[in-house]
Amino acid sequence: MSSQSFDLIVIGAGPGGYVCAFRAAQLGLKVALIEKRATLGGTCLNVGCIPSKALLHSSEQFVFAKSHAAEHGIKLSSVELDLASLLKKKDGVVTKLTGGVAALAKARKITVVTGAAKFVSPTEVEVATANPAEPQRLTAKNIVIATGSAPVELPFMKFDGELVVSSDHAIAFDKVPKKLIVVGGGVIGLELGSVWSRLGSDVTVVEFLPKIAATYDDDIVRNFSRLLQKQGLKIEVNAKVTGLRTDGPIKVLTAEREGKVLEFETDKVLVAVGRRPFTDNLALDKAGVVLDDKKRVKVDDHLRTNVPGIWAIGDVVAGPMLAHKAEEDGVAVAEWIAGKHGHINWDLMPAIVYTDPEVASVGLGEDAAKAKGLAVNIGKFNFAANGRAIANDATDGYVKIIADAKTDKILGAQIIGRGAGELISEIVTHMEYGGSAEDLARTVHAHPTMSEAVKEAALAVSKSALHAI
């Protein structure tokens, strides 16, 4: 059994893990990066964020060609879906990015080990390689757990990859299902539901809570739901899924709402009710690492576990399960290990649903701020009054900024509209430096751009919007 020694071992090569390894290597540490997949990038690059965005983009192009090209003077004799080519395009995007990560790891002289890792002691891990008879052992003073998360299964509806599927399966259907039920109205369910709806599936989203996209303000969700339904998605809220039965060739999902039974015929069921921290088979007990009551690795405010030298980042610890949050965790931990001053502001993690329109948020929403008893001023500006939005056929939605009524400090923002995910970053930057709504309003924005709606919303906080009454 071979053995190697490193300054740092990172278990898991998703956005948190590989970024942690990259930053540590930049700071002069000898780093090993362990990944059970054949390719780097974790869920995000292989079966999550990236392939889903490729599918969203391609399906948007299909809808444009089919329904909107003519009004732009583009005459098409026919529009047909070639699903195999669409999936090939998606796979090409994934291959390019995972290959890029591998090239960067090599350039930084990081030792990449392929296989499943488990702890042997607080300073040693064993990796099951392609040859089971010859596992590798690696030792380090510091070890980072960055193993990510996995889709949550319903106990009465296990994933089989055919009828009941997870998001991993739903990015690779070999044909468009005639009917698709999406269980869960969160980010993953809405994005993948939108993809298959655009490509021709009859999609119904079944959500247990009173609204989809539950972390957003009620006014945002009302508009979001209306626009998704206008596109053809069916949305059923306050509905608890109770089972799935097969009546001959017909599959029926059952649910309950206020004592009434609901039934939905379907060809596939995408279960998107959340993700769980993935700590399976890590043998954490051998290292003495403690989990919390939600099976997450328990850490302090510097992402240290209860065992000196063992750290944890990303989806396996508390906080939003977001790739950019994992990246920030990873950079900070690498810097702390190297004796630098790492920095993370967990209060300013933007969140985005990449549908069309997109919805994006950062900080406190209006509803959350008022629930805390905070006095706030709200500024809104509709894209319908923005020149670039009108030119781009992107007039649905608005920018909403929440500011402290006394200090004018920006407490949060929510955006619904085309490109909301790009627009939110400007507001995050202002908030990072403690900016006020006036600071944002007095920042020059190029004309004509969608970003002018952000400036106008900031002006609207003090009832000073120029292009709205």
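In case you wondered, yes, glycine gets a Cβ from its N, Cα and C as well.
Residues annotated as domain 'FAD/NAD(P)-binding' in TrEMBL: 6-330.
The FAD binding site annotation in TrEMBL covers K53, T147, G148, S149, D315, M321, L322, A323, H324. With a 10 A radius on its CB, D315 (FAD binding site) counts 31 other CB atoms from all the protein chains.
Residues or ranges marked as domain 'Pyridine nucleotide-disulphide oxidoreductase dimerisation' in TrEMBL: 349-458.
Residues annotated as active site, proton acceptor in TrEMBL: H447. Secondary structure at H447 (active site, proton acceptor), as computed by DSSP, is coil.
Among the recorded positions H324, H447, the residue whose Cβ has the fewest other Cβ atoms within 10 Å is H447. Counting every protein chain shown, the number of other Cβ atoms lying within 10 Å of the Cβ of G148 (FAD binding site) is 26. Taking CA atoms as the reference points, H447 (active site, proton acceptor) and D315 (FAD binding site) are 40 Å apart. Residues K53, T147, G148, S149, D315, M321, L322, A323, H324 are the ones the record ties to FAD, and the longest Cα gap between any two of them is 22 Å.
L322 (FAD binding site) falls within neither a helix nor a strand when secondary structure is assigned with DSSP, and so counts as coil. Helix, strand and coil content of the domain 'Pyridine nucleotide-disulphide oxidoreductase dimerisation' (349-458), in residues and according to DSSP, is 39 helix, 33 strand, 38 coil.
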